[in-house]
Every structure is written in structure tokens, then in C-alpha cells.
Amino acid sequence: MEEESLIFIVGVIGNIMSGLVYLSPTKTFWRIVKHRSTEDFESIPYVCTLLNAYFWIYYGLIKPNSLLVATINCFGIVAETVYLTLFLIFAPPGLRARTATLVAILDVGFPAAAIFLTHSMLHGYLRINVAGLLCVVFSMISYGSPLAAMKTVVRTKSVEYMPFLLSLILFINGGIWTFYALLAKDYFVGVPNGIGFFLGTIQLLLYAMYWKPQKLKKMSDNLEEGWQHDQPPNNSSLISSLLPERSAD
């Protein structure tokens, strides 16, 4: 009973930390609404994060005693849906059409088909294992972003586009969910978050090496530019590496 209580407490803390990660793009979308334009931002990170959340919800629902894995991603789906709705409202026609197509394929058609086939054709632990494997695969996509961010830091010797607060939150988020996975003996949660925790540690070490006091104000102003270079937000350490959200000026 004590172990179950500890797992629950750690899962709740993980939900809180992942919630903060999901809320990280809020400043970006406040800027989009304020300027009534998506400017140079891209929708790919949010499309991929939404896709990832679907699979983690499915996994959390079908695996016994894994409800906390599903709950935070329910919040993530709400957040990402709001972000994508605002993006579609304020994007120029060409980008709006491309984003709508991506949403229809990656956030509606593909997850619906994958979950339907998994649920109808597989049973028992095989179904759980296949669902977990899908979660791990799509979570791994996210690691191109922190790797790209670290490469930029080493190349420029500047942490301007890797904000400390976001890096710290992602580091703690990965650590909490790795601890949860060890307690719950859930390797599908543990593998991507363990890697995320390791990369978060490297990011903080790079931050300590290359941080310059005079850059602090500029880094704070450019939090949204740093978001697209980091992993995405949820219990699987969040997305996306396919495209940078905004190019550095």
C-alpha cells in the first residue's frame, strides 16, 4: 500500500510538471493573438505533440493502474487543440491549408486508424505492449529538438535559444517520470523519459558552461524562440524535431 501511495504521489507531481511543459507555448500564442499573425512560427510541433498525447492516453487507459499517464495527456490534448485552433485562425491561407491537412492526417486519421486496429486485432498484454511501443516511437521523435538546441549552443557558445527555466522544467519532468516508471516498473514510460532526463542534464551542464549574465534579458524575451528547440511537453518529454517553430533572427 505504501508503494502504491508513493507511485500515486510521484505521478501527481509528474502531472503538474508536465502541465507546465504543456503551458510553455502560452507566450507564443499570446503573441500570435496580439499580432493577429502566426509570423514565422510553424504548426508542426503542436501537430506532433497532439499526436503523441493521443497514444499516451490510449496506453494509460488500457494498462492497469496507469490512469495518471492518461490524465495529463487529456490536459495536453485540450491545450494543443487550443493552440492549433488559434494557429488556424491567424495563419495565412497557404499555411492554414497545410496545417489543416496535417491535422486531418496526423491528428485525426492516423491515430484513429492505429488505435482502432490495435484495439480490435490485439488482446491482453500484446495490445498493451504494441500501444507502449507506439508511444516510445513517437516520443523518440522529440529528441531531435533538444539535440539541435545543444548543437546550437555549442556552435554559437550562447544559450540564448535554450532558456534556463524551460530546460529546468523539462529536466525535472523527465526525472519525475523516470522515477515513476521505476516504481511502477513501466519501461515504456521509463525509456523515453530516462533519455529525456539525460538530455536535460546535458542541457543544464551546457547552460552552466555557456551562460553569460548580459544575455539574461534577451533570453527571457526569447522564451518562445527557445520552445521550438526543446522537447515537447508531456509525460513522454515533449516534441518536436521535424521543423523549428521559429527561426532565430
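Glycine too: its Cβ is placed from the backbone N, Cα and C atoms.
Remember, predicted model here, so these are calculated numbers, not experimental data.
Straight from TrEMBL, the features:
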- 6-23: transmembrane segment (TRANSMEM)
- 44-61: transmembrane segment (TRANSMEM)
- 67-90: transmembrane segment (TRANSMEM)
- 102-122: transmembrane segment (TRANSMEM)
- 128-149: transmembrane segment (TRANSMEM)
- 161-183: transmembrane segment (TRANSMEM)
- 189-210: transmembrane segment (TRANSMEM)
- 225-249: region 'Disordered' (REGION)
- 232-249: compositional bias 'Low complexity' (COMPBIAS)
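With pairs at least 6 apart in sequence, the transmembrane segment (67-90) and the transmembrane segment (44-61) have 3 or more Cβ pairs within the 8 Å limit; the two touch. Remote same-chain residues near the transmembrane segment (67-90) are listed as 8, 11-12, 14-15, 18-19, 22-23, 25, 29, 32-33, 36-38, 41, 43, 46-47, 49-50, 53-54, 56-57, 59-61, 96, 99-100, 103, 107, 180, 186, 189, 233-235 (criterion: CB distance under 8 Å, separation of at least six residues from the stretch ends).
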